[in-house]
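Trainee: My structure is below; once you've seen it, I'll send some questions.
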Amino acid sequence: MSEKTKEKVSLVSLGCPKNLVDAEVMLGYLSQDEYEVTTDETQADIIVVNTCSFIKEAKQESIDTILDLADRKHDARCKLLIVTGCLPQRYQQELAKELPEVDIFIGTGDYPRIAEIIAEKKQTEEQLCYTGDPNFVYNDEVPRLQSSPHYTAYLKIAEGCSNNCSYCVIPSLRGGHRSRPLATLLAEAKALVEGGVKELNLIAQDITAYGRDLEGKPSLELLIKELVKMEKLKWIRLLYAYPDGVTDSLIQLIKEEPKVCKYLDLPIQHISDPVLSNMKRRSGEAEIRTLISKLRREIPDIAIRTSLIVGFPGETTDDFKKLLQFVEQTRFDRLGVFCYSREDGTPAAEMPDQVSERIKRERHKKLMRTQARVSFKHNRTLVDSEEDVLVEGYSEETELLLKGRSSRQAPDVDGLVYITAGNANVGDIVRLKITDSSDYDLIGEIVD
């Protein structure tokens, strides 16, 4: 195929960073197969929507996006609309019936075949659906095409999950936990760093389970120790750490290794033991409190992020009050709150004492208001301190302000630092003095 006749493909990725990596892998396969990648959907011959169906809101966003692009398909040059990921893996038959506008559905196990499936579609008018076993694990030979800014990337160290929490559909959509080989991860990381990446964000459904299923059982700590040897890599961030997998050796590594961000994403989901038990979480209240105390004792400046679920079946008023009080007392640096989503096929969906949507929303609002106060007070304590900040570009509001993130702020989910004085290039890591703060963001000036 000549350069002039290359078909253009655009990919929209929804959901979590793990989905984004899947999207980048698919783009790599397509670019390797002589498709030209474009970010302009109006110029694309083929549009791919990589979907999420983890909770109700994610499913709705995926459906809305598909319908929007299906409408555009009639107005633009798009010839094929492809839906990939968790949504077709879970709802293949329903989607095929309800969305005739979609030409191809591809589940989470068939990403490597995307170019082959497109070629097959060009030989038939029929809608194609491929949703085999979700057991795909990519290696460093897969041509991942990075779509995030050049200075930051996600490194997906494992696929699937074997924790089997009672509310979660991930094992059925992604399969059981499968660690990627250490050599594969190091080769991919090396390529990313040589391409300009300064910040690697390690992700999986549970990063602390890394290596348990591999020969020799290489640990998360070993992976980190190998990554820090890469001279041009400046920050390593740990996301999605299951509480009972956070070992003393991991805590010491975060404490002592300068390249490991003093940051830990630690989803605990709740603090009430009856709720945690019904969720099938392995860590109870005592273990969670002990771990958080240990982290802060060993690493006083660590930023702890967590995720919580409100309105889980059987969550009483007292359970919620306990959670609210816990958030006030614990003072998490970052916090995400989700209303429980009743997902077909999960044990929690069949539990008695389902909580009404109204009460879920009320509890969500109360928890977020509490966290806003906690975050505001914490950010005020940072005024006049200094932070290393990764510059990400100009503020959306004005080009008079640069913006960035400190090592205590993860991409996409945490706040930002706005830079009011000093010059820097995108991708630079600069020293900043914090001069002001808001609920979630910081303001500062570059210091010499």
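Here the Cβ of each residue, glycine as well, is placed from N, Cα and C on the backbone.
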Trainee: The [4Fe-4S] cluster 1 site in Swiss-Prot includes Cys52, Cys86. Which of Cys16, Cys78 is also listed there?
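Mentor: Among Cys16, Cys78, only Cys16 appears alongside Cys52, Cys86 as [4Fe-4S] cluster 1-binding in Swiss-Prot.
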Trainee: Distance check, please: Cα of Cys16 ([4Fe-4S] cluster 1 binding site) against Cα of Cys168 ([4Fe-4S] cluster 2 binding site), rounded to an integer number of angstrom.
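Mentor: Cys168 ([4Fe-4S] cluster 2 binding site) has its Cα 15 Å from the Cα of Cys16 ([4Fe-4S] cluster 1 binding site).
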Trainee: Tell me which residues of the chain lie with their Cβ under 8 angstroms from that of Cys52 ([4Fe-4S] cluster 1 binding site), as long as they are six or more apart in sequence?
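Mentor: Cys52 ([4Fe-4S] cluster 1 binding site) has long-range Cβ partners Leu14, Gly15, Cys16, Asn19, Ala58, Lys59, Glu61, Ser62, Gly85, Cys86, Leu87.
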Trainee: Using DSSP, what's the helix, strand and coil tally for the domain 'MTTase N-terminal' (7-123)?
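Mentor: Result for the domain 'MTTase N-terminal' (7-123), in helix, strand, coil order: 63 helix, 23 strand, 31 coil.
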Trainee: Of the residues in the domain 'TRAM' (380-448), how many are helix, strand and coil by DSSP?
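Mentor: When I sort the residues of the domain 'TRAM' (380-448) into the three classes, I find 2 helix, 33 strand, 34 coil.
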Trainee: Return the residues near Cys165 ([4Fe-4S] cluster 2 binding site) by Cβ distance under 8 Å, restricted to its own chain and a separation of at least 6 in sequence.
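Mentor: Same-chain residues close to Cys165 ([4Fe-4S] cluster 2 binding site) (Cβ under 8 Å, separated by 6 or more) are Gln269, Met279, Lys280, Arg281.
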